[in-house]
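These features come from TrEMBL:
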type	residues	note
TRANSMEM	26-49	transmembrane segment
DOMAIN	41-290	domain 'G-protein coupled receptors family 1 profile'
TRANSMEM	61-81	transmembrane segment
TRANSMEM	101-120	transmembrane segment
TRANSMEM	141-164	transmembrane segment
TRANSMEM	199-221	transmembrane segment
TRANSMEM	242-261	transmembrane segment
TRANSMEM	273-292	transmembrane segment
Amino acid sequence: MTRVNQSHITEFILLGFSTTPELQPLLFAFFLIIYLATLMGNAVIIVTVTMDALLHTPMYFFLRNLSLLEICYTSITLPKMLSNFLIQDRSISFVGCATQLYFFCSLGTSECFFLAVMAYDRYIAICDPLRYPLIISRRRCTLLAAGSWAAGLLLSLGQISFVFSLPYCGPNIIDHFFCDILPVLKLACADILMNEVAILLYSFLVIPVPFILILISYARIITSILKIHSVEGRWKAFSTCSSHLTSVSLFYGTATITYLRTKSNHSQESDKALALLYSVLTPMLNPIIYTLRNKEFKRSLKKLMERKKGS
């Protein structure tokens, strides 16, 4: 690592995944395909839900918001990574790093709350179907979605301000493919104990709290499903939750391991791999997870495509 001969650095260097020139074109092609697939898959969900009035229900309203969030989430890190592969310039300005980290944390936080909101929606739909239209009204849907977006934007603001108020005098090399909070903190020229405590408290707020709400919702859902006498009825009720459960497992599993484990239990390379799972691969897989077995969505998509062909 190189020392910077000044009291405050103006840029960071992102090491990324490989410094071998021969691998750069291959990595560029690999991540470009992932990025395009993520944009296309989530855009298809947004357009289909918007265009088909039959999908104007709370479940698809939240799914559309989640798809928009996934597009923004991957666009925070992947374009910069792709440009690094092409022009071999791994630098990112101090302000650019702070901005990237802020939106990465805020969107990740919002996703935690959106997954909890979607679990609550499924709980009401299965456990209290008669009052579902009254409880999950259009106004309440809007408030829950707005609250999830706002929670991420506001909760992350103090955390990131706390991190970038520290002095950074060198080295300036971040051993990651984006400005993640822990690799950045390692470069601070000050005691970071309070920051580490703040990160732990923040992580316990935005990861376990929504996850506990999800567990409570599914505990009640499972109880209700077990009361259904017919096997077909049980399977139909559970199938409406299976996609969400898969998405929750992917996102929360990797995020929890990354941010709530001790220093002695991980290496930087494993951190990169886990970050790749929840920040790049999960947003790409979510459109497949939510639509692959969804007959209602596939029917609407087919109808939309036929309408486009006929026009």
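Each Cβ is built from the backbone N, Cα and C atoms, and glycine gets one as well.
The transmembrane segment (61-81) shares the most Cβ pairs under 8 Å with 26-49, out of the stretches 26-49, 101-120, 199-221. Between the transmembrane segment (141-164) and the stretches 26-49, 199-221, 273-292, the greatest number of Cβ pairs separated by less than 8 Å involves 199-221. Scored by C-beta pairs under 8 angstroms, the transmembrane segment (101-120) has its highest count with 199-221, from the stretches 26-49, 199-221, 273-292. Beyond the transmembrane segment (26-49), the same-chain residues lying 6 or more positions past its ends with a Cβ under 8 Å from any Cβ of the stretch are 17-18, 55-56, 60-61, 63-64, 67-68, 70-71, 74, 78-79, 81-82, 85-86, 280-281, 283-284, 286-288, 290-291, 297, 300-301, 304. Within its own chain, the transmembrane segment (199-221) has Cβ neighbours under 8 Å at 108-109, 112-113, 115-116, 119-120, 122-123, 126-127, 155, 159, 181-182, 185, 237, 241, 245, 248, 252, 255-256, 259-260, counting only residues six or more beyond its boundaries.
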